[in-house]
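These features come from TrEMBL:
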- CYS13, CYS16, CYS32, CYS36: Zn(2+) binding site (BINDING)
- 58-67: compositional bias 'Acidic residues' (COMPBIAS)
- 48-67: region 'Disordered' (REGION)
Amino acid sequence: MSNNNPPPTIVKCPTCSNAVVWGEVSPYRPFCSKRCQLIDLGEWAEEEKRIAGAPDMSDSDGWSEDH
Ligand SMILES: [Zn+2]
């Protein structure tokens, strides 16, 4: 039989250095997860800014109510 399975290629996640199998089992390769992919793209930080920015928006408006 010439049906040899090649050894899986293991890469390191650029974000957290976890071992990631290069194949169908890792849809976010070379990242280990969607989270690490978002972090690398900078979208993760953007998402956090949006969440933190929401209550911050009313900050300048809230001060005038103190009078
Ligand atoms: Zn990772």
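Any Cβ shown, glycine's included, is placed from N, Cα and C.
Note that this is a predicted model, so its numbers are computed, not measured.
Its own atom aside, the Cβ of CYS36 (Zn(2+) binding site) has 20 Cβ atoms within 10 angstroms in the protein chains shown. Every protein chain shown contributes to the tally, and the Cβ of CYS32 (Zn(2+) binding site) ends up with 21 other Cβ atoms within 10 Å. DSSP gives CYS36 (Zn(2+) binding site) a helix state. Mapped onto three states, the DSSP output places CYS16 (Zn(2+) binding site) in coil. Excluding CYS13, CYS16, CYS32, CYS36 themselves, the residues of that chain whose CB lies within 8 A of the CB mean position for the Zn(2+) site are, in sequence, PRO14, THR15, SER17, ASN18, VAL20, PHE31, SER33, ARG35.
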